[in-house]
Amino acid sequence: MSFCVNPNCPHPKNPNNVQVCQACGNSLRLNGRYQTLGLLGKGGFGATFAAADVALPGTPICVVKQLRPQTDDPNVFRMAKELFEREAQTLGRVGNHPQVPRLLDYFEDDHQFYLVQEYVKGHNLHQEVKKNGTFTEGSVKQFLTEILPILDYIHSQKVIHRDIKPANLIRRQTDQKLVLIDFGAVKNQIDSVLSSNTSAQTALTAFAVGTAGFAPPEQMAMRPVYASDIYATGVTCLYLLTGKTPKEIDCNSQTGEMDWEKHVTVSSKFAEVIRKMLELSVRHRYKSAQQVLDALEMPTYEDGMMQGMVSTPFTTLTGAGDEPATGIRMGNSSSPDYGDPSTRFNTNVQPRDPSSTSLNTGIKTRTAKPRQSPRDRATSNIESPTTRVRPASNMADGGSVGAGGIDYNMVNPKPFSRREEEKQAIANQPETKRWNGKTFLAEYAQGKRDFADQNLVGIVLAKAFVPGINCYQANLTNANFEQAELTRADFGKARLKNVIFKGANLSDAYFGYADLRGADLRGANLNGVNFKYANLQGANFSGADLGSAKVSPEQLKLAKTNWRTVMPGSGRRR
């Protein structure tokens, strides 16, 4: 079926074999390449469609967001266009993160604007709770360790999402990771001060203020800050714990705060974390995602392989000493849908196994059978002197780890030495295509950019021109990228031990959570590179330009620098 995007079309559904709507004569192929297949969601200011990109082999599915201001007022149209261009610029900037949909295209057609994004198959957290029941305390902590690094990344790009809610968090079916969607309400901190017309700027901002109940007071007053996303994340935690929307939770008549604590039973320490996330006053709320993670005193989802970040030798993690949760009171899992169901298809979801395993980190993870999930792999190497299985909670449909029809199995291997751990990590890699420099460059020349999770050990790409490659979580141990062009490359969570980046152009590359032990970055261009939480122990930055790189002094203490190294923020050599 083809679907007409004309908002005034009386019969938008059309057969597959036509290119012009039979009812209104409107073209069914946007920009000459996107064949619209169906409506995913709509609102007063636009609609979202599923489409097939007929210009690419295999006609891959994508998401087309239409912004359709129905007005003759040139000022309103101009503001709508600014909103469209703002979202396009933001998506282009933050879409480099593997858990944010990539922007594929954007264009204007007949006074309507279109954004084309990567299609993410899976269920959102709102659907997950409605189908499978509420989360345990441990599962909500796991959620926080995954969503907070995403927020930390988009905030580092000077972007406030402004619409964090369960409906905008999809658990990707292919790997069970959360993907943050719908940047339609973003507030670009850089561009927000460029408009001299205050009334027009206010009207433009008012188009997309967020979702009532999830947006904090300062955001409703058109003055969002980074901590506004922290508040919305806290409200999302409440929904995961209770199944209740903010409208279903009473407010204190004197303070205006949500009276949520009577609806849940969690440890006092975790309750304090949520309480501070939900502070109405920005002054008393957590200011950043990292502050929340520090308060949780538990490793992030990605930290299983990043324990070498500390200056001490590799050791088994110890527990955080959290009080155990005593249970979760069930909320109404059939609460009405408050969010836009826009960018996803329906997919089958396996029933949830409500059992959970308590590790000595204080994290309780939900488990199912028979394969181990990526979420569980992040914590499976943590030594646990005793493993307790929590009794099944009284959930509406049983429990599950996530959507997508993938089963799981929790394993508890013995702790490894560092060398054994590295060997085991390579042995546990899924079977993937065997790569060498020739096959890699051939695939790149044909348009391939996604090399995530691939086994690229020892690959030689010296002097290669491969900007924009995605090597997220790939194994690149002993690879050679000397003098390569790697602008905007994504090496997030990649294994990069002893990799040669000597003289390479790595400007605006992402190395979040990567293992760069012993890597050679001498003379490399590292302007705008993000090394957040990367392990730089023994990495050589002699003569490298770190002037605008995001890296902490603590990380650099573990690395090698010399007098020719341009240090962060200084603009001058050491």
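Backbone N, Cα and C define each Cβ position, glycine as well.
Note that the coordinates shown come from a computational prediction; the quantities given were computed from them, not determined experimentally.
Feature annotations, courtesy of Swiss-Prot:
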BINDING   Leu40, Gly41, Lys42, Gly43, Gly44, Phe45, Gly46, Ala47, Thr48, Lys65  ATP binding site
ACT_SITE  Asp163  active site, proton acceptor
COMPBIAS  343-364  compositional bias 'Polar residues'
DOMAIN    454-493  domain 'Pentapeptide repeat 1'
Inset, instruction - Count, for each of the recorded positions Leu40, Lys42, Gly46, Asp163, the other C-beta atoms lying within 10 angstroms of its own C-beta, and report the residue with the smallest count. - result: Lys42
Inset, instruction - Write down the Cα-Cα distance for Asp163 (active site, proton acceptor) and Thr48 (ATP binding site), rounded and given in Å. - result: 17
Inset, instruction - Using DSSP with the three-state reduction, classify Thr48 (ATP binding site) as helix, strand or coil. - result: strand
Legend entry - Thr48 (ATP binding site) CB neighbourhood, other CB atoms within 10 A: 23
Inset, instruction - Take the domain 'Pentapeptide repeat 1' (454-493) and count its residues per DSSP category (helix H/G/I, strand E/B, coil), listing them in that order. - result: 0 helix, 8 strand, 32 coil
Legend entry - Alpha-carbon distance [Gly46 (ATP binding site); the residue listed as 'active site, proton acceptor'] in Å: 16
